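As written in TrEMBL, here are the features:
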DOMAIN    A:1-95  domain 'FAD-binding FR-type'
BINDING   A:Ile62, A:Ile63, A:Gln64  FAD binding site
BINDING   A:Cys221, A:Cys224, A:Cys236  [2Fe-2S] cluster binding site
Amino acid sequence: MYKIVRKEVLSPVIKLFEIEASHVSENAKPGQFVVLRTDEKGERIPLTIADFNREDGTVTIIIQEVGRSTKELGKLEEGDYVVDFVGPLGKATEIEKLGRVVCVGGGVGIAPVFPIARALKEAGNEVISVIGARTKELLFWEEKMADVSDQLYVCTDDGSYGHKGFVTDVIKQVAEDVEVEHVWAIGPMPMMKAVAATTKPLELKTTVSLNPIMLDGTGMCGACRVSVGGETKFACVDGPEFDAHEVDFELAARRLAYYQDDEHRVEAATNHSDGGACKCHEK
Amino acid sequence: MSRKVKTKHEMPVQDSKERITNFDEVALGYNEEKALAEANRCLECKVPNCMKGCPVEINIPKFIGAIKQKDYKEAIREIKTKNSLPAVCGRVCPQEAQCEKYCVIGKKGDPVGIGRLERFVADWEFANENSSSSMEVGEPTGKKVAIVGSGPAGLTAAGDLAKMGHSVTIFEALHVPGGVLMYGIPEFRLPKDIVQKEIDKIKELGVDIKVNYVVGKAGSVKDFLENGYDAVFVGTGAGLPYFMNIPGENLNGVYSANEFLTRTNLMKAYQFPDYLTPVKVGKRFAVIGAGNVAMDAARCALRLGAEESYIVYRRSEEEIPARAEEIEHAREEGVKFLLLTSPVEFHGDENYNLNSMTCIEYELGEPDDSGRRRPIPIEGSEYKMDVENVVLALGQGPNPLVPSTTPGLDLTKKGNILTNDETGVTSIQGVFAGGDIVTGAATVIEAMGAGKKAARAIDEYIKSTN
Ligand SMILES: Cc1cc2nc3c(=O)[nH]c(=O)nc-3n(C[C@H](O)[C@H](O)[C@H](O)COP(=O)(O)OP(=O)(O)OC[C@H]3O[C@@H](n4cnc5c(N)ncnc54)[C@H](O)[C@@H]3O)c2cc1C
Ligand SMILES: Cc1cc2nc3c(=O)[nH]c(=O)nc-3n(C[C@H](O)[C@H](O)[C@H](O)COP(=O)(O)OP(=O)(O)OC[C@H]3O[C@@H](n4cnc5c(N)ncnc54)[C@H](O)[C@@H]3O)c2cc1C
Ligand code: SF4
Ligand code: SF4
Ligand code: FES
Ligand SMILES: [Mg+2]
């Protein structure tokens, strides 16, 4: 059992949890993730380590509620427990002094890109960060990102805050204006695909963090297979970071959708049992 | 003395039509009457051949003799001096290739049902917990041992070391201890509450089990040695699934056996949506391979709603490596066998969901290194077969997480840990290994045997240091 010591509601659907798990915080590095299960009947869901505190033995995760498991987690409060918390998993980001780098976080992808930006900054890089979301309500950690960046650009698809448009518009502009050594981009699959398509013609080295469906997170099952440069990789142990220009995004997106009908069934079941809160007929 | 019966007393089973609608245990076990009758078939040989076939050398005539006297407490005590997981082994040992293979009466009829009798006394003990032969723990030695992995190898080593008085901590990557016994072998073949009871007994010896701890990611073997552990035993199993490297393998609907069985058994997808982890089983289901793992997957599929479940195997009937009982049970349940056949390509629809595969037929040539006749593809024999799900049960390799984070650990070419067979000693002082991580995918009882030997060697080793 792992205790939730702090909860912060960053938006109605985005929540932060700081959880006691010293076996994870002791060894955690930027780019890594955990697998969590809220209760005995729960799924094992992978979540990125957004921050960690070795002294307190805690790990911070930020979730966006998208389905049953993330919603169950979202309901938990300070002082509650989750039954399982495994990590740190995956390879850590390779942090080097490169010069000028761009860190891009889309939506809940802002969380995982934060520790990477911070480490890159600490390693002596000039860090330009770009964060974006569909709308203002889904943005968070603007200040924290600003603290670890030399420059921060903020954009929303609908223009409700910051620059109106996509992160790719900003990346293109930055790359035109100044010399950039490397781009890290983390966010929804379509965003990462768009970033890859933007930086490829510019021959700008780009790393993405893939989020395929995972089960064990230790290389045991192969659920997380992705195709990179024509080779099959297990994202949980060979990644989750890969060269954006080599990733087969189409396959990755299709694999993410395989259980959609089951996911809807599970959600419908919860909504019914919530008694009256059921929204499944309104859609 | 009564005339000897030539055939083994039949094992009562759930009816095959009924059982494919549930995950309850298939083989129901002998009642006392049957157990006594079967025990009476044993000649209690002075020189018992059967013992040669048991990797942990249970004194078979002695425990069967005790059954004949209805002294079940003595029977289980005798077994437990050699085997700490009899309820498991009685169910899953490939007896026809081990103890029962060497039984003398097997020459003229069926051998004695040794496994069934072992199961009977183990289940008797569970039912009569009070009279349970309590296991003694030795004087505390003040020595600490870390065990990596909680499969049969790790559990056995842990139990034995605790009995010797050492302080033992098991580190397990998954959220449940038990290894393949929990995540791989299905409920209908090995009920999880039985495995749990065995694990609880090991905990009662004072063994501390830390789940959710991935060695090599959280602490490493080296960290354990530097932080107060006197020795480390690595029993991480063969948890790396092999794929075929043929086109279409990454389509939705193509599972490794590990993924399919973990979703189904460990995560209880057969109780979806009460349990939240889904698993997909279409109408037509095919498993590639024919070992125990393959039989388990094919039989799970039927229970999860597949209308047709196929075993697709490159070789012939004779080479099928699964336990005889599993093949028989699979057949009874309606699993179909496509022998001398293997896929060469998988095909999907516009959503990348598997819908068919191209298979090729084989013929058998000369024997290969393994002594089995080599399968040779027949040119031009390709044909297409509709299928919505495929499980690849092609065997497993060693997971590299521990080896790759333990500098100085010598490995075989395949990545298995090199050890001394008798002691589990590795190339690093204080580090021992056993089970599938050393031998490659093998059996429960062999993994236990390795855990036992290593426990003895670890005990000697830590007593010699100081
Ligand atoms: C390495 C990694 C890091 C991640 N980090 C974060 C994070 O920091 N914050 C965050 O909010 N989300 C993160 N995710 C995604 C998160 O795991 C999924 O959103 C979550 O599992 C959805 O579960 P659900 O039951 O709420 O939704 P569901 O309704 O079950 O699923 C919604 C969608 O999420 C995806 N999904 C479902 N199950 C899984 C699974 N077992 N593994 C991965 N994806 C799945 C599928 O595309 C599915 O269509 C990460 C994923 C990976 C692989
Ligand atoms: C589906 C299936 C059916 C089988 N049927 C039979 C049968 O009928 N009869 C039979 O005799 N044998 C059978 N076998 C084989 C048998 O189960 C194995 O040979 C046996 O379990 C090996 O034991 P082990 O302790 O070496 O490893 P495992 O049982 O594989 O246990 C290893 C444990 O180590 C853990 N681990 C791995 N890496 C780490 C790490 N880095 N940190 C912490 N923990 C880690 C794993 O999570 C796992 O729990 C079957 C196997 C499978 C997969
Ligand atoms: S442990 Fe296995 S091989 Fe040994 S006697 Fe029991 S069933 Fe036979
Ligand atoms: S060889 Fe057969 S008959 Fe003889 S002791 Fe063993 S089980 Fe009994
Ligand atoms: S999640 Fe199982 S191998 Fe990656
Ligand atoms: Mg879900």
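Here the Cβ of each residue, glycine as well, is placed from N, Cα and C on the backbone.
Taking each Cβ in turn and tallying the other Cβ atoms within 10 Å, the top scorer among the binding-site residues A:Ile63, A:Cys221 is A:Cys221. In the three-state DSSP scheme, A:Cys224 ([2Fe-2S] cluster binding site) falls into the coil class.
Cβ neighbour density within 10 Å is lowest for A:Ile62 among the binding-site residues A:Ile62, A:Cys224, A:Cys236. Secondary structure at A:Cys236 ([2Fe-2S] cluster binding site), as computed by DSSP, is helix. Those binding-site residues from A:Ile63, A:Gln64, A:Cys224 lying by chain B, with Cβ under 8 Å from one of its Cβ atoms: none. Taking the domain 'FAD-binding FR-type' (A:1-95) as a whole, pLDDT averages 95 in the prediction. Under DSSP, A:Ile63 (FAD binding site) is assigned to a strand (E or B) in the three-state scheme.
With respect to their backbone Cα atoms, A:Cys236 ([2Fe-2S] cluster binding site) and A:Ile62 (FAD binding site) stand 19 Å from each other. A:Gln64 (FAD binding site): 18 other CB atoms within 10 A of its CB, across all protein chains.
A:Ile63, A:Gln64 are the binding-site residues among A:Ile63, A:Gln64, A:Cys221, A:Cys224, A:Cys236 whose C-beta comes within less than 6 Å of an atom of ligand 1, given in sequence order. Close contacts with ligand 5, defined as a Cβ under 6 Å from any of its atoms, occur at A:Cys224 among the binding-site residues A:Ile62, A:Ile63, A:Gln64, A:Cys224. Cα separation, A:Ile62 (FAD binding site) to A:Cys224 ([2Fe-2S] cluster binding site), rounded: 21 Å.
In this structure, the C-alpha atom of A:Gln64 (FAD binding site) lies 20 angstrom from that of A:Cys224 ([2Fe-2S] cluster binding site). For the pair A:Cys221 ([2Fe-2S] cluster binding site) and A:Ile63 (FAD binding site), the C-alpha distance works out to 24 angstrom.
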